[in-house]
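See below for the structure under consideration.
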């Protein structure tokens, strides 16, 4: 026998302020209530004397929770059924569950040097405002769903990401979208439903927990690199275990895909399989995984550097803080001038920890716009851009905190007019070819797209129709089908992909077209989300963009062109539909002289002769971020020299699946890139009627096609 001393406190960061629960009447009318969770029954902490340990407990209906002593040793506490006082305590690996897998088809990188050379940048805390949804087959007690959220918070702490539950949607009478045994159609339907909720229920990411058993071994499915996307930020997860920890591990895995994380490749996970392995492993068995690894961190950083996750910089509102307002909790609340934690923890030279007041002479104590207890001048850069589609933020001179992150509106031109911004990323064919084939790859001529994708077979298509058959690309949609590249590489970067080489002869000139394909080991594996399909949001012509395998007019999905007219040609619209003005012009509409910038991002620095701009460096130990997790604040960072122009980082993109903006309950759609187990007949909506984009430039005289399949198989993770 042994004894563990658990030190824990109420989980103040579990529920976001303004957390709501929504139930539905038999007629389907939503009834939303804002609950008082100041006395909730969820606790977080650690084991006394055990470094790096963690504890997540619930006392709602008996005592249940997870005690992590090390990556190799964890214990589960659960009530014994039909007993009011007795509980089971057992090692996590003894929790037996049916094996399962994620529906995403992983692509293992062969160039390990690229991953090893990547240096993890110093990222500030990110905040995910999560909406959890339980379908009709899943409806149980809400406490299990709350504990799932508590476990997610623990999982993502290691990545400097805080997951805050902003709402719980319980479909207690009937499902609000189509839920079936097909995880692909269920995912598509759920994301369409989520899109309709955004206007009235602000959130960054949504996940469905279903009691329906998916076909095959799939227990979860989510789009890759989709965090913050209005159309794709979410996933579907099967409740495959009586333990909330198992479901939480699945959601953490699928959310990881939203964050741009692939399945772990060989050598990434150092946790033993008998201890659960790693969260991003391709297969989910027992015991449940509970850790991320260095490969996941690097993929996350690469995604964030590419412009992904633009909505994650804002901390949830603290005006109605869960757990009650209190001086010393590390949150700056109404009535407080500062809050640096408990007296024994605080080392902030600007703040009195005893009463949360500023020390004499201090103007501020927290934030990247506070330097040596004084407000930084207006126009000081406090957040640099992270790509072509991001916008800089500058201090206002009135607040110690950097304005919330803003970025260019979807549909804004980028890459010198050859691409559009989409969810903060600039998507080009060049980047996608580099992702699939490595350095030196480039897009093939348009004729390759037209001829190869007109076949309507596994090697050239525009997705699948409602019957699950490959759909031939019309000429106007060809650039939204299988991407065609030119490369001298012997095989694709993805070890589970094979090269599909096609040669087109035009007037005696041979044109090389290279595509990729992932073979199904067995027919029962079902559909594959194909990473060789062109990504959603890619520009396919003048005023046209790829969406659900079709090249459609940007006016159907983007508002940037209309919005930008209000900026008088002197700025661009941001994601809040406000003008970000060029230097010399003032918001809100850039019609009169001013400093530039926007009402969201702060003013640009004033122009001066021979002067230099003070740059405030943002690091993971910035005061505003430290406070968010309730740890003591620290003195602001010293000033640094002005930043020098640097070349744009080379970012390699993983294709996103193509999802539509919405649908009625009797239509379907192709999902584009992903992998499912035992999935057939993925529904798809017929292509809409629209005028075709401009005709292709290349001639269409005598054309001969020859096609070879170069198969390079390697070991496959299951």
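Quick reminder: no glycine exception, Cβ is built from N, Cα and C everywhere.
Residues annotated as signal peptide in TrEMBL: 1-20.
What TrEMBL lists as domain 'Peptidase M12B' is 126-316.
DSSP assigns residue 254 (active site) to a helix. If you look up TrEMBL, you'll see 254 marked as active site.
Here TrEMBL flags 324-410 as domain 'Disintegrin'. Using DSSP to sort the residues of the domain 'Disintegrin' (324-410) gives these counts of helix, strand and coil: 0 helix, 16 strand, 71 coil.
Under the heading disulfide bond, TrEMBL lists 382-402 (among others).
What TrEMBL lists as domain 'EGF-like' is 559-591. Summarised as a single figure, the pLDDT of the domain 'EGF-like' (559-591) averages 93.
Residue 563 (disulfide bond) counts 18 other C-beta atoms within 10 Å of its own C-beta, drawing on all protein chains shown. A helical conformation is recorded for residue 563 (disulfide bond) in the three-state DSSP classification. Per TrEMBL, the feature disulfide bond maps to 563-573 (among others).
Within 10 Å of the Cβ of residue 581 (disulfide bond) there are 28 other Cβ atoms, across all protein chains. Residues or ranges marked as disulfide bond in TrEMBL: 581-590 (among others).
Taken from TrEMBL, the feature region 'Disordered' applies to 590-614 (among others).
Marked as compositional bias 'Pro residues' by TrEMBL: 634-648 (among others).
Per TrEMBL, the feature region 'Disordered' maps to 634-718 (among others).
What TrEMBL lists as compositional bias 'Pro residues' is 689-699 (among others).
Here TrEMBL flags 707-718 as compositional bias 'Basic residues'.
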Spatially closest candidate among 254, 563, 573, 581, 590, the listed recorded positions, to residue 382 (disulfide bond) (Cα to Cα): 581
Packing count at residue 590 (disulfide bond) (other Cβ atoms within 10 Å of its Cβ): 23
Residue 402 (disulfide bond) and residue 581 (disulfide bond), distance between Cα atoms, whole Å: 18
Tertiary contacts of the domain 'EGF-like' (559-591), as residues 6+ beyond its ends and Cβ separation under 8 Å: 310-311, 391, 406-412, 420-421, 424, 543, 597-601, 604, 607
Closest of 563, 573, 590 to residue 254 (active site), Cα positions, disulfide-bonded residues only: 573
Whole-number Å value for how far residue 590 (disulfide bond) lies from residue 402 (disulfide bond) (Cα to Cα): 22
